[in-house]
Amino acid sequence: MTEMLASEKIEDIEIRLLLEALFLKYHYDFRSYAMASIKRRLKQAREQLGFTTFSAMQESLLRDPDMLPQMLRFLTVQVSEMFRDPSYFKAIREKVVPHLRTYPSIKVWIAGCSGGEELYSLVILFREEGLEERTLFYATDINPEALKTAEAGIFALDRLQLFTENHRRSGGKSSLSDYYQAAYGKVTFDKTLRRNVVFADHSLVTDAVFAEMHLISCRNVLIYFDRDLQDRALGLFKDSLARKGFLGLGAKESLRFSRHAGAFEDFVREEKLYQRRGD
Amino acid sequence: MTIEPEAVVIGASAGALEALSAILPALPAGFRMPVLVVVHVPPDRRSALAELFRAKCKLPVEEAEDKQPITGGTIYFAPPAYHLLVEVDRTVSLSSDEPVLFSRPSIDVLFETAADAYGPALIAIVLTGANQDGARGLKAVVEAGGTAVVQEPATAFASAMPEAAILMCPSANVMSLGAITQYLKEV
């Protein structure tokens, strides 16, 4: 048993060293992520990339730049859904959009956009509400491959049934099929949806404010961070939002424990939509 | 040297309500350990599990929140559509990683991370269910020196899950619901 505990410890040391190497060599900083999840993902990476130890993975990562995208794939890629939690998008449509309408130009930030599901959901919603023309969308992620996927706007056909149902339940005013073409088991979303989208590499861990936003949507990203890092990201959102700007988080994320809680008020509490205070 | 157990994790699927109703309400008010529970529930619904059991149990019952410290004598349910993980510092994390064996929350994910956090001081219990979830997690618990408990398949509403767990962990203690409850009260 002591042997077992000892070997566990070595693995934890190796993981810390691996994350340190990833940061020092490539400036990707996962050191303040919630570890249980990182460890699971790294174990999957180790198994599927054919390494026996994390130390061997570290050596390969340091000397072979081709390893980086492979590891990032395990560490960052999220499978999401378009209009995931339809009631969230319904609340944006019914409660947030009326406020946004009063602005001559609108900026929206999808932080941690991953494969683009949330981005396309919001662009379609804004088009349906007649706001797309005057809106600039920033879609950011730390993984360049995810950004490429998001930019391509291609999804597996078998996911569309769920997306369509979610869209309908979110109060969609058009048919989702108006926005894509299906071929060979894939659907490609209309490139006009990307007219007002800027895709950019941005890290909530190491990068700073880059524009003043009216709506920030960042869902199921913060749960992967530890408390301190959650606070850093929330501080970044706070500083990026215009007075009375809106912040949307994932269904199980909350400002409650954050030191920035005082800068926001509940806007639609059950949907985790917050509004930046005016002062 | 016996190691004092510090936490209980439970996984259940088909037939979970009835099985958990035999165990959780029977835990006495002074129960010392936290109990973390994963039940396979449909993703698109707000889960009523915590509410349901709050009314029945002597212990406080909560739906686990991200980064919440784990407190002894409290029952935590995984929220629908999120994995429930235990951090080494004895807090919980949620994740929306891909489903494991079509399940999110996944019993394996809870058990594997709890095994990592609690090592030999963990009791893991696999109850009724119609799939294989929990077997791999239970193996991780055993490998970390923890105690594995499985509901007697013949007494389970669905026997596949306990059977898979026993197959992967032959050393597991196989018990009826009544015996599991008694064991938890005495341990």
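Quick reminder: no glycine exception, Cβ is built from N, Cα and C everywhere.
Source: prediction; values computed, not measured.
Over the domain 'CheB-type methylesterase' (B:1-187), the average per-residue pLDDT in this prediction is 95. The feature domain 'CheB-type methylesterase' is assigned by TrEMBL to B:1-187.
Positions annotated as active site by TrEMBL: B:Ser13 (among others). Within the same chain, residues at least 6 positions away in sequence whose Cβ sits under 8 Å from that of B:Ser13 (active site) are B:Val39, B:His40, B:Ser103, B:Ile107, B:Thr128, B:Gly129, B:Ala130, B:Asn131, B:Asp133, B:Ala158, B:Met161. Following the DSSP three-state reduction, the secondary structure of B:Ser13 (active site) is coil.
A simple way to gauge crowding: the CB of B:His40 (active site) has 25 other CB atoms within 10 angstroms, across all the protein chains here. Per TrEMBL, the feature active site maps to B:His40 (among others).
The active site feature in TrEMBL is assigned to B:Asp133 (among others).
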Interface-proximal active-site residues, chain A, C-beta separation under 8 A, candidates B:Ser13, B:His40, B:Asp133
none
